[in-house]
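All remarks here apply to the structure that follows.
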Amino acid sequence: METVISSDSSPAVENEHPQETPESNNSVYTSFMKSHRCYDLIPTSSKLVVFDTSLQVKKAFFALVTNGVRAAPLWDSKKQSFVGMLTITDFINILHRYYKSALVQIYELEEHKIETWREVYLQDSFKPLVCISPNASLFDAVSSLIRNKIHRLPVIDPESGNTLYILTHKRILKFLKLFITEFPKPEFMSKSLEELQIGTYANIAMVRTTTPVYVALGIFVQHRVSALPVVDEKGRVVDIYSKFDVINLAAEKTYNNLDVSVTKALQHRSHYFEGVLKCYLHETLETIINRLVEAEVHRLVVVDENDVVKGIVSLSDILQALVLTGGEKKP
């Protein structure tokens, strides 16, 4: 079941930003987010893939690959409502839970329906779908993404019950960047990562070039991270293995052999891979944001002058600093 959603017209974006004094510049992005609705961010036409929970898991993951999307809302025909999201994280959890060896077919992936997987995986921990109204502010959207530790937030029309769009950190930051030059620049934009202490610098989850994919999947599950820097024997970053790379196992139908190294698994994208996107502690927040938006990536690896991994800065970290804490270290 696939749906293509088109809105009638391009949303009008307000140009009237509140007048800010130099002392209050640190809250300009917060004010911007509070004065714009989720609807303002929805494009004129966008494709949305929706899965019925009675669909086989395997077919659903192949459909994600075919449509070039990372997640899809789940529709329960019995309840006549959206009940959750199917994401690459589900694919990782299924592979990690049921993989035995390259010689044994993963029955659960081949035969389970989405609803069966959800019953097994969620058991008694069923949570209502986290979603947002198109009339809610972007500030509320950012708050919900960060508070619930999710990467995708469906925008659902409360009247029709239809899913209109899926908000992500990436799309929100890109929208903010379109108007960023219209604001007085907050003081914190010129400060360094080290000064602002934005990002994660302790217990960074990493893998070696020789780490088997199955072990990497276990790290994703245990640490709940979206990417793993791949390092050499000296701790220098040479690649990055992200959750998105895992879906390629479905694309190439190679998910029955998870004993191969992450380096081998990443060869599929070697012809267009431009290298790991990095940053340094002395670089300013403004520089970091520009790099993230221009490269359209979800995180940067913080390194020292020898390319040794020091931390990770994610879009979630950036939005939290810009919108929720006004450049201050997160509470």
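From the backbone N, Cα and C atoms, a Cβ is placed for every residue, glycine too.
As recorded in Swiss-Prot, the features of this protein are as follows:
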type	residues	note
DOMAIN	43-103	domain 'CBS 1'
BINDING	Arg70, Arg152, Lys170, Ser242, Lys243, Phe244, Asp245, Arg269, Leu277, His298, Arg299	ATP 2 binding site
BINDING	Arg70, Lys170, Ser242, Lys243, Phe244, Asp245, Arg269, Leu277, His298, Arg299	AMP 2 binding site
BINDING	Arg70, Met85, Leu86, Thr87, Ile88, Thr89, Asp90, Val130, His151, Arg152	ATP 1 binding site
BINDING	Arg70, Lys170, Ser242, Lys243, Phe244, Asp245, Arg269, Leu277, His298, Arg299	ADP 2 binding site
BINDING	Met85, Leu86, Thr87, Ile88, Thr89, Asp90, Val130, His151, Arg152	AMP 1 binding site
BINDING	Met85, Leu86, Thr87, Ile88, Thr89, Asp90, Val130, His151, Arg152	ADP 1 binding site
BINDING	His151, Thr200, Ala205, Ser226, Ala227, His298, Ser314, Leu315, Ser316, Asp317	AMP 3 binding site
DOMAIN	198-260	domain 'CBS 3'
DOMAIN	272-329	domain 'CBS 4'
Roughly how many angstrom lie between the C-alpha atoms of Ala205 (AMP 3 binding site) and Ser242 (AMP 2 binding site)? 12
I need the nearest neighbour of Arg269 (AMP 2 binding site) among the binding-site residues Asp90, His151, Asp245, Leu277, Ser316, using C-alpha distances. Asp245
Can you give me the average pLDDT across the domain 'CBS 4' (272-329), rounded to a whole number? 90
Express the distance between the Cα positions of Ser316 (AMP 3 binding site) and Phe244 (AMP 2 binding site) as a whole number of Å. 17
Largest pairwise Cα distance, Å, within the listed ADP 2 binders Arg70, Lys170, Ser242, Lys243, Phe244, Asp245, Arg269, Leu277, His298, Arg299? 22
Of the residues in the domain 'CBS 1' (43-103), how many are helix, strand and coil by DSSP? 22 helix, 21 strand, 18 coil
Can you give me the same-chain residues 6 or more apart in sequence from Val130 (AMP 1 binding site) with a CB-CB distance under 8 Å? Ser144, Asn148, Ile150, Leu153
Helix, strand or coil for Arg152 (AMP 1 binding site)? Use DSSP. coil
Quick one: of the binding-site residues Lys170, Ala227, Arg299, which has its CA closest to the CA of Asp90 (ATP 1 binding site)? Ala227
Per-state residue totals over the domain 'CBS 3' (198-260) - DSSP helix, strand, coil: 19 helix, 16 strand, 28 coil
So what sits near Ala227 (AMP 3 binding site) in its own chain, CB-to-CB under 8 Å and at least six residues off in sequence? Ile240, Tyr241, Ser242, Lys243, His298, Arg299, Ile312
Could you tell me the C-alpha distance between Thr87 (AMP 1 binding site) and Ser314 (AMP 3 binding site) in angstrom, no decimals? 19
Pull out the binding-site residues from the set Arg152, Lys170, Ser314 whose C-alpha sits within 10 Å of the C-alpha of Ile88 (ATP 1 binding site). none
Rounded Cα distance, in Å, between Phe244 (AMP 2 binding site) and Arg152 (AMP 1 binding site) is 14
